[in-house]
């Protein structure tokens, strides 16, 4: 960590953040490496609180931040610069402070590509649920691993319009449909090679929810759920019932965290320490009663 600060704070901002295992992952590495003057924690923020947070982030002893839903796109306008990864993805999930200036990065896309590059036999058609920052990262990742066509399924007219503009501006071969266009969606689901959930549907504590039932999932298709808490979501259970190949979100979470650590501290962390800490935290969460959330946000 030559040239890096020997003490400082790291934070995850979003809404909600109570489900996150990121503090366990990063603090376990700090403990392993005896970095006693580093601390990672979560901060639940509404959209109107972003200007306050940015001011505090600059003035206090912060080194870096992770950004989750619903701020991955909106936070961009408050940053001083963007790394090429964030420019390409049109979304930020990592912020680093250097000499008082804030720079945004995207490590989600590389994490998605690493998780999926060897999982999909065919790279013809992918159906992605969501039109937010996570879906944008998926679009970049799928283009990187040479998926021929991408279809994004959105809920709000604003999200659909913005996703169309994003795909056009990046010259990504794909299009966007409404979740209400059931006939078209069912046709696509019947022939796609990959289904991705890039929304919070099914995330703790709403674990009984799923974007799809088993009847709509083709046997042999790869189903990737970015939700990692719970590790086996309702969507993945439905996919298993249909005979699909399932991929949980924990691998993506760990890989994007590894890249974030590298950005902040200039070296790779022990990935296995992060993985084990996340798994242990999820095991603890599984035996605890759900906490009540107010105003849960979406990324679609």
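Glycine is treated like the rest: Cβ placed from N, Cα and C.
Automatic prediction, not curation, is the source of TrEMBL annotations.
What TrEMBL records for 72 is active site, proton acceptor. Taken from TrEMBL, the feature shikimate binding site applies to 20, 21, 22, 68, 93, 108, 228, 256. Taken from TrEMBL, the feature NADP(+) binding site applies to 226, 249. Residues or ranges marked as domain 'Shikimate dehydrogenase substrate binding N-terminal' by TrEMBL: 12-95. What TrEMBL lists as domain 'SDH C-terminal' is 249-279.
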**Message:** Do any residues, 6 or more residues outside the domain 'SDH C-terminal' (249-279), come within under 8 Å Cβ-to-Cβ of it, and if so which ones?
**Reply:** 1-4, 10, 21-22, 24-29, 32-33, 63-64, 66, 93-94, 96, 105, 107-108, 110-112, 114-115, 224-228, 231, 233
**Message:** At a 10 Å cut-off from the C-beta of residue 108 (shikimate binding site), count the other C-beta atoms across all protein chains.
**Reply:** 33
**Nonlocal residues around residue 20 (shikimate binding site), in sequence order (Cβ under 8 Å, 6 or more apart)** = 12, 14, 42, 68, 229
**Message:** Spatial neighbours of residue 93 (shikimate binding site) among the recorded positions 72, 226, 249, defined as Cα within 10 A: which are they?
**Reply:** 72
**Request:** List the same-chain residues at least 6 positions away in sequence whose Cβ sits under 8 Å from the Cβ of residue 226 (NADP(+) binding site), in sequence order, or say none.
**Result:** 134, 138, 196, 197, 198, 249, 252
**Prompt:** Rounded to the nearest angstrom, how far is the Cα of the residue listed as 'active site, proton acceptor' from the Cα of residue 22 (shikimate binding site)?
**Reply:** 16
**Pairwise Cα distance for residue 256 (shikimate binding site)/the residue listed as 'active site, proton acceptor' [Å, integer]** = 14
**Prompt:** Which of the binding-site residues 21, 108, 228 has its Cα closest in space to the Cα of residue 72 (active site, proton acceptor)?
**Reply:** 108
